[in-house]
Amino acid sequence: MGYYSLTEVTAVQYAKEHGYFEKKANVVCHEIGDGNLNYVFKLDDGEKSIIIKQALPYAKVVGESWPLSIKRATIESKALQIFAKYVPEYVPVVYSHDEELAVTVIEDLSRLTITRKGLIDGEEYPLLSQHIGHFLANVLFYTSDFGLQSEEKRVLEGTFVNPDLCKITEDLVFTDPFGHYDTNDYEPELQLTIDELWSDKTLKLKVAQYKYKFLTRKEALIHGDLHTGSIFSSPSETKVIDPEFATYGPFGFDIGQLIANLLLNALSREEEQRGVLFFHIEKTWSYFVETFTKLWIGEGVEAYTKEKQWLPIILQNIFTDAVGFAGCELIRRTIGLAHVADLDEITNKETRIQAKKQALSLGKELIKYESKNADIQLFRTLFQQTVSGGIKA
């Protein structure tokens, strides 16, 4: 029959045909996805529920003028299964994957809240940083040359060649926000700030280097789009979802993207409400370092993991990359395609424009920052300097 797009009616038919519900079951189906690339349906018969996710052959956020390969659904399914191999507690269960229809049937996580929405609403997730730090350390270590035999790593790397979605990252994170491109989207009040950004040759040279790292450093399997909208949370649970951008890339990429999105939420808050965001930024890194170090010592398979001075160099390189990638993400989410609700839903226009100018300023400082001795306090320091007016956009 070939590929066809599901509807709420045909999603139920599909689920029944594949044994997820009895033929006579009264199944309620709703499309619940608010993402940019896929259909997501929730199906519930009153006793059990599932999620059906289908990749579209184009970017939903733009339309059929932006075609995309549906093979990304297979990438996502395989990534979730790789993640589950190392940290099953932090990902949804994958029940099945249909490559022809680009359909994945997965665990329903509606008991949890999308972390971005929860943070905007002021909810607190005390275990978020611990869980994400552990998730990142395990996945990045075990899919790298340090935790995986080189032959196995090369084979796995070939499984995650993801040209369509990597091209989106190349363009929307590293290229378009730094010049005159049609994909950019911003308020006229930001134009002067943006003109200064685009004319900053030192900044562009640094962005070029981070883009090159993304293109060439195949260090570990990365989620590729790890923001607070790609995480479900509750006070006791954390689940990472939507790894359709998964590919082999730099260790620091996912870390930087996550930190940037926590910073964006911090910019949307009053000063006295920001502490929890910096707690999560700093604890994510400390849990990552702690777990990665334990794995390096106990599970390292590469010969030079026995050299005591090698690990500190690796960790410093990861941190340096995370700083720059965070800066790129801050700018992209402010003036590029696919904004974040943290800033866009600030109701007072003057406050919203000010927060966006601060996001651009902070992003620029993170990209241009150069120090081999910086630690995780850097984010708090530069943030405070930015919002207090010590750094101008």
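Yeah, the Cβs are placed from backbone N, Cα and C, and that goes for glycine too.
As the structure is a computational prediction, the values presented were derived from the model and not from experiment.
Among Lys16, Lys23, Lys53, only Lys53 appears in Swiss-Prot as part of the ATP site alongside Asn38, Glu107, Asp108, Leu109, Asp242, Pro243, Glu244. Considering other CB atoms within 10 Å as the measure, the emptiest surroundings among the binding-site residues Glu107, Asp225, Asp242, Glu244 are those of Glu107. Cα-Cα distance from Asp242 (ATP binding site) to Asp225 (substrate binding site): 8 Å (rounded to the nearest whole number). It is Leu109, among the binding-site residues Leu109, Pro243, Arg332, whose Cβ has the fewest other Cβ atoms within 10 Å in the structure shown. With respect to their backbone Cα atoms, Asn38 (ATP binding site) and Asp225 (substrate binding site) stand 15 Å from each other. Binding residues for ATP (Asn38, Lys53, Glu107, Asp108, Leu109, Asp242, Pro243, Glu244) extend across at most 18 Å, taking the greatest CA-CA distance. Around the Cβ of Asn38 (ATP binding site), 21 further Cβ atoms fall within 10 Å across all displayed protein chains. Mapped onto three states, the DSSP output places Leu109 (ATP binding site) in coil.
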